[in-house]
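Enquirer: Dropping a structure here in structure tokens format, bear with me for questions.
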């Protein structure tokens, strides 16, 4: 079992690696089963993994599995659990009295509503507003917790009393997922469209993943995270402006292998 | 497309049938593909469906699909989405300002904490406590919503301001699921261990299911919902006390078919 | 229920649309639930669908569902069922004697082994070899079927006798899948890396999909099927060779909306 | 990583444990996260696991994961892969020439077709027929493999030539699955309705599972594998014939705990 490690996230949360199974080598083994005798030869692990990643041969990546223990506010957890291909055990507020722990952003962490992007916050609030808002938010959470306790003292069942608790309250869960689906989670939740709070968790998860499967991580950055998908029209518009020889030279200069240069040219100049 | 229908649930929620695909007949067709030429004969639909249900041949039940539109408090939705084999689109509190609508149980609807079952509420609160608790709960929600609005007015992004909103606030979602997984949902959420609030939703969903696939529903009640699973030790203890002939007679009297009587006897007296 | 239609595939197979639920409108409705009040305005359906597709907001596409009845050789079905997010009922060779129907490619349909791509066939066999191979293949299947019948006549159980049957024999199945996962299937199985035989089925499935959700199909072609994903290195190499103004002009000339032109430029010249 | 171990199955197959993550303790840890502070007390691990199993609280069992390497005939693999909640990498007959290895049952292993159960084989063939059938089956497989080789020599692509190969040919795959879904697989595939050949594989898998999670296995046998589900009518028929006191005494004598005796009585005499 991997040495448990914990990365703090937000003001009171964390991501802890509970366990992991498999690594870069396991992916190669599993892929080689698929290819049988035919490819047992000298292909390097890194090259095979890179090939699998850029051609979206995803099944070998499912052979690696991670288990995390996470503490996060409910509103983050609600986004997190939209990813259905994972196993989850979460604290039940029916069984247990939830603790008095809320996400309380500092004034500096408060964002204004973006006018362009309806779903996003961006930029910082003016200082005075930020101070007031942070205080207001913290007070709201303190007050509501007092009421939760009053309801419990009046004898109201935990499962009903909790309905006053805010989605900023912290909860904890075990979360187990395979690497393929984990990378999908990371692609979406490391993206700048994701809410800053869940992005902070995604960065912590990414650290554990990178440490466990460094070859995969390199290919993931190259072919997924920092790659860009260009639509048919964009490809058509680009094609007219690119000189194939110059592009080929630039690709070689960047150190791409022969087969990758060929693939890259085919993307732009091959048939749809 | 099915005629849209809406069943009110709790104080402000509902379940609305948006659409459905397939019915009892579809299940029979799909099952007959599995059995090919071999069983195209005179087996009745009801008998075939009953056979599939009691032998847990679940795949034909996946051929029927339902789409619902639901309005429910977040704490109910959190339980609901633990069922991962469904498609979901929910209101985003990043995009939209959530409305001022909370689950506000009446004093009569408030339950006391069960001492036996750590996760359950049971029985009613004494009248005075119930009155106070209901008022307190409603006040908590009103107050917190005022603070949510203040935060928005201060310019805080919706995605952050919502962190003060309680899990008793109403949200809405589209929910699409196949019949097999829907029956699994219903078995768990109609059960008396489920929280009363989600049980109310399950009953509404059940009405739509029963109307759409009446033959399935009958077999589901007989073989799943009102069936009981007896452990190996319980079967062993029972076996000694049952007179096979008397049991057989009782089963026949209850109108069970020959093959079902045989199966029933085999369960108790057959080899493990 | 949709009018049943059948498209013949290969020499004896077919794809038949059994039923479908939802269409372009349904996707829009489901997406609008997510966006709540905030975006009920004048956004056009096509624009919203295109936005969802290019930003990989996939959940609304799960709201549309298709049921097909397919007849295909086992080796095709084995590839098909690697897609796990679908519901399936297939003929059982334990229940039924399989029919004497095999995939028998014509000499023209036989491909040679590719030397470049270890998994592919490409190009045609020389005429003489093709004639011999087609005859040999057909004879092999006839002979083996005679032996299957002999085994059955000797009293061998169907479930064991079938072990001599080749993976070229036809089987039938019901297949139900949501549009999001169906598009994923099509992206992989319409690709020129997919085996020609399953590609023929994918084209038939695609016809039904295109007819049912024409707006989705248009966006799928633009943003997925004919799009290309360029790795981080490729983007870096391209960036140096593209004149932003000229590219912008070409995009506008191609008729892209303002926001799409902005997005396209950001992909190439924005921060990673 | 667990010490790799291999269990031979059928004439040429095997199940090998590649790796596993988690054990009985992990399930308890994960469950305790769900119950939070509320139940950190003296409950024993075995009791908690038994409670989870008999109340079908399945999510903690998903926290344990197994990876197997399996060699089995294609007809077995086709049944196996109907279980979709697993990760799989299989040899590709497009990439590689499959080896000359077929399932060749001995005369003693050949079964006759059951007349009662349309899908099953049962009993042995008469000796003469069994000898002929076994020889015939082996000859069919040898012949067909010769033709496969001829097709390859004529230059036919592997992906097409393989269409003559029988479903009795051996293939290999990596198979990764969580314990909850693995137990579901075992319940179905250890059952006497399952084909004898896949049952042999299920028994091998079961050995690895039992060794890894002995507490889970004990509860699985008691509450699932050797339990019986009685329909509503069967329960009603039984109820009239059972003397509650005598049944209670028998349950106590069998060593059941107080709470289990209470649960057992409730099943038979409680409200539906």
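Backbone N, Cα and C define each Cβ position, glycine as well.
I grabbed these lines from TrEMBL:
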- B:189: active site, involved in ionization of N3 of dUMP, leading to its activation (ACT_SITE)
- B:59, B:82, B:83, B:84, B:90, B:178, B:179, B:180, B:184: FAD binding site (BINDING)
- B:79, B:80, B:81, B:82, B:90, B:91, B:92, B:93, B:94, B:162, B:189: dUMP binding site (BINDING)
Enquirer: Let me know the DSSP-derived helix, strand or coil state of residue B:79 (dUMP binding site), please.
Expert: helix
Enquirer: Using C-alpha atoms only, work out the spacing between residue B:92 (dUMP binding site) and residue B:83 (FAD binding site) and round it to an integer in Å.
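Expert: Pair distance, Cα basis, whole Å: 19 Å.
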Enquirer: What three-state class does DSSP give residue B:90 (FAD binding site)?
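Expert: It is in a strand.
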Enquirer: Provide the list of recorded positions among B:59, B:92, B:94, B:184, B:189 whose C-beta sits under 8 Å from chain A at the C-beta level, in sequence order; use 'none' for an empty result.
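Expert: Sorted by position along the sequence, the hits are B:92, B:94.
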Enquirer: Within the chain of residue B:79 (dUMP binding site), which residues six or more apart in sequence place their C-beta under 8 angstroms from its C-beta?
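Expert: Sequence-distant Cβ neighbours: B:189, B:194, B:195, B:198.
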Enquirer: Where does residue B:59 (FAD binding site) sit in the DSSP three-state scheme?
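Expert: DSSP assigns residue B:59 (FAD binding site) to helix.
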Enquirer: Name, in the order they occur in the sequence, the residues of the same chain whose CB lies under 8 A from the CB of residue B:94 (dUMP binding site) and which sit 6 or more residues away.
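Expert: Within the chain, residue B:94 (dUMP binding site) has Cβ neighbours under 8 Å at B:158, B:159, B:162.
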Enquirer: Using a Cβ cut-off under 8 Å and a sequence separation of 6 or more, which residues in the same chain sit near residue B:184 (FAD binding site)?
Expert: B:83
Enquirer: Determine, to the nearest whole angstrom, how far the Cα atom of residue B:59 (FAD binding site) is from the Cα atom of residue B:81 (dUMP binding site).
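Expert: About 22 Å separates the two Cα atoms.
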Enquirer: Go through the binding-site residues B:79, B:81, B:90, B:94, B:184 one by one and keep only those whose Cβ is less than 8 Å from a Cβ of chain C; report them in sequence order, or 'none'.
Expert: B:90
Enquirer: I need the CA-to-CA distance for residue B:81 (dUMP binding site) versus residue B:179 (FAD binding site), whole Å please.
Expert: 16
Enquirer: Would you work out the biggest C-alpha to C-alpha distance among B:79, B:80, B:81, B:82, B:90, B:91, B:92, B:93, B:94, B:162, B:189, the residues that bind dUMP according to the record, and give it in angstrom as a whole number?
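Expert: 29 Å is the greatest Cα spacing among the residues binding dUMP.
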Enquirer: Test of understanding: give the count of other CB atoms lying within 10 angstroms of the CB of residue B:59 (FAD binding site).
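Expert: Step by step: centre on the Cβ of residue B:59 (FAD binding site), count other Cβ atoms within 10 Å, giving 20.
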